[in-house]
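Engineer: I have a structure here, written as structure tokens, and I will follow up with some questions on it.
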Amino acid sequence: MRPAGWLPLALLSVGIVSACQSTGLAPTGGRVVGAVGCTVVLPGPDHIDTTGFVRWEYKQNENDTELTVVLYYVASREPDILPEYKDRVVFSMSNWTLGLKLQLADRGLYRLRRQEEEKSGKWIQLDVIEPLSKPKLFRNSSLAGSTIEMVCNMTVGRVDSYQWRKDHKPLPKYGHYQLSRNNSVLLIVNTTQADSGSYSCKVTNEVSENETSLELTINDSSAVVSNGVILGVAVITAVIILVIADGNLYSE
């Protein structure tokens, strides 16, 4: 249900001009994607006026009031820039493009509006995404016969997809490998020593990707139990010997 007075946004199809952009990522429609710390360049108009003024406007959400980021009078030497953008905005007086070094709070809607345009400027949707940190892998067990839970944990950035590999090969889609929690957790059910190997988790989003690996060695549970029993007997024997020796010392 659209609220009263709602009007569809006029969106302009644009591209990213940024050395930080990941290869092969193509913006669609009127959406621009950029990474925190990188620079996007929002395009100017097809032709430049020789009189009047132009402004770049911003609003975080559709129904918010516009803020003027840049106001430029064509006859003046310098544009007026909103103080919070001062050190990270480059406005070109030759083609009216807007270069913006991105912070997470910059996501929202931008438009270029000429003097004669009251409300007709086309809006550009800018999404700002944090690059992904290197994931960390944790496991709860390494015993044969157990269900091993391996967690791919992220500290910075929103993950769009997780991809698991074993010994640099994709995991089988079926069998005792199972994925949960949006594929961030790998379960290995009824593990055997054949499950030993190098496991990696690759995370991706629209502006970055990262990967880490973990070497997993499956231990025979029966051998662990036997070693535990032997160790337990050795500890008990050592305690008995100490008690006897202690008693002999006091009996002298």
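The backbone N, Cα and C atoms fix where each Cβ goes, glycine too.
Note that TrEMBL annotation is computational and uncurated.
Here's the feature list from TrEMBL:
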SIGNAL    1-19  signal peptide
DOMAIN    135-217  domain 'Ig-like'
TRANSMEM  224-245  transmembrane segment
Engineer: What are the DSSP helix, strand and coil residue counts for the domain 'Ig-like' (135-217)?
Structural biologist: 3 helix, 43 strand, 37 coil
Engineer: Averaging the per-residue pLDDT over the domain 'Ig-like' (135-217), what integer do you get?
Structural biologist: 93
